[in-house]
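Here's the structure, in structure tokens; my notes come after.
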Amino acid sequence: MELSESVTHKNGRLRKPVVSNSDMGERESKLEVECDEEALLPNSVRADGQAKACHGIKGELGSVALLLFLYVLQGIPLGLAGSIPLIMQSKNVGYKDQAYFSFVFWPFSLKLFWAPLVDSLYLRQFGRRKSWLVPTQYLLGLFMLYLSVTVDAMLQTDGQSGPDVIALTAVFFMLAFLAATQDIAVDGWALTMLSRENVGYASTCNSVGQTAGYFLGNVLFLALESADFCNKYLRFEPQERGIVTLSDFLFLCGIVFMVSTTLVAILKKENNRHHHTKKKPKEETQSVMETYKLLLSIIKMPTVFTFCVLLLTAKIGFSAADAVTGLKLVEAGVPKEQLALLAVPMVPLQILLPLVISKYTAGPRPLDVFYKAFPFRLLIGLEYALLVWWTPSVRQEEGFPVYYYAVVLLSYAVHQYTPHIFVACMAFHAKVSDPVIGGTYMTLLNTVTNLGGNWPSTLALWLVDPLTFKECQGAPEQTCGSVEEAGLCVREGGTCVTTLDGYYVESVVCVLIGLCWWMFFGKRMKRIQEESPSAWHCRVVK
């Protein structure tokens with residue numbers, strides 16, 4: 001999502017201190033950083049009042065292609081991390097363990113804490129963005145190569161014990177941390193790589209690239225890792241294992257990261273075509289402490305604070321459907337590789353939809369799209385709950401019938417449309433972010449959006465077991481309130497049967513909360529677009 005870096009505008013120009021003629025003599029002792037309305041000015045107007053030549057996207061197709069590729073790389077480790085819960089679920093891991101592992105996805109919600117470092121510390125000779133992008137991607141490649149020889153032991157694929165959830169969480173958290181840092185660097189580079197006229201395409205590259213990368217690391221991997229899938233669709237003679245293992249895939253991805261990063265480091269130069277300033281380096285960028293102070297001042301602004309609160313609570317209504325549904329389908333017996341296969345036809349839709357709606361999200365009121373699609377997104381939560389409830393009743397000895405997968409595919413297709421309402425939020429972030437601290441401002445808004453999705457998902461996973469009620473049938477005096485009690489029930493000849501699944505409780509509660517949010521706070525989200533540019537910009541005097 002979003003990123004970080006720095007003193008540069010989203011239109012690629014360096015941020016200049018506001019110094020009047022009368023203040024020129026005090027320049028060494030006082031630096032006034034003033035956020036103005038420049039970020040929302042028409043593309044043809046420069047800060048100095050001169051006209052800037054407008055040009056279309058054709059002149060920047062190379063930059064757009066590079067951004068897209070970098071976001072694809074970013075999506076691969078996220079896809080791999082997303083495949084682990086499905087693998088663990090097939091090994092009967094509990095939902096509290098799944099909640100532990102969900103912290104793997106939190107670095108994208110916490111990167112705000114180190115984004116100012118990425119924004120402010122760099123090697124000028126190498127490039128502000130490349131100073132972080134290149135070493136981070138090298139570390140990602142090396143880390144994947146390391147995991148390729150250790151991950152099987154963590155998953156206990158050759159043993160009788162279950163997965164080492166704590167170790168898996170730790171290593172994939174580090175992988176996600178590196179991906180989040182790469183995200184900061186790429187988002188920050190997007191602000192200068194593209195002109196102000198075309199900077200709106202950065203969010204499209206983000207959405208499309210991450211979707212494609214996630215597909216490679218999740219859907220493609222799960223399909224190729226499955227022996228059943230490979231034997232059914234890709235082989236003439238059945239074999240016991242899939243075409244690739246997790247170790248093989250990690251090794252291949254590590255090599256791709258190492259080679260592609262080397263090419264970017266050597267061949268791609270930072271875009272300095274807008275950097276015509278003759279200011280000293282200390283005036284071109286803020287120090288780390290200055291950046292944190294500016295960040296704090298941004299959070300304190302009433303408009304930004306209100307918007308952050310809305311972003312932190314907007315996704316509560318989606319949490320049960322998004323975090324638990326897929327795991328429930330696997331629990332009900334749907335093969336994880338079949339779910340991966342059903343996702344394949346969705347990839348073109350995932351890629352094309354952001355492109356289609358970009359003409360709306362690039363307009364003056366992108367949050368209108370968010371508001372209109374929100375209730376439809378909530379209703380999908382109820383539809384998913386019905387799908388999970390229906391699944392056991394259609395299961396046959398040889399698997400699930402074709403019409404069942406057709407229904408799941410249709411549900412997925414409907415689901416893929418509404419999540420892109422958050423592309424509208426990302427486009428809005430790009431419009432209002434004050435370029436005085438470049439990507440750090442954008443990182444604040446986008447990581448708050450991510451956090452607004454992560455904490456409800458973790459909570460939803462954590463509460464599934466406590467909200468689930470079971471009874472011991474066949475051993476009247478026994479109960480199934482805990483793992484120990486369930487084991488005692490089985491030893492006494494009974495069976496634990498679920499009388500109320502916490503997933504259904506969560507689904508209904510989440511939808512009700514989401515509808516209340518939409519009715520009471522949705523219109524406030526729309527009205528926030530009407531705030532003047534100065535409401536989003538800060539004034540910090542040192």
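Glycine residues also receive a Cβ, built from the backbone N, Cα and C atoms like all the rest.
Copied over from TrEMBL:
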type	residues	note
REGION	1-25	region 'Disordered'
TRANSMEM	65-87	transmembrane segment
TRANSMEM	99-117	transmembrane segment
TRANSMEM	137-155	transmembrane segment
TRANSMEM	167-186	transmembrane segment
TRANSMEM	249-267	transmembrane segment
TRANSMEM	294-318	transmembrane segment
TRANSMEM	338-357	transmembrane segment
TRANSMEM	369-390	transmembrane segment
TRANSMEM	402-428	transmembrane segment
TRANSMEM	503-521	transmembrane segment
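Relative to the transmembrane segment (99-117), the listed stretch 167-186 leads the set 65-87, 167-186, 249-267, 294-318 in CB pairs under 8 A.
The largest share of C-beta pairs under 8 angstroms with the transmembrane segment (137-155) comes from 249-267, of the ranges 167-186, 249-267, 294-318, 369-390.
Sequence-distant contacts of the transmembrane segment (249-267) (same chain, at least 6 residues past either end, Cβ-Cβ under 8 Å): 66, 69-70, 73, 76-77, 80, 130, 133-134, 137-138, 140-145, 147-148, 151, 217, 221, 224-225.
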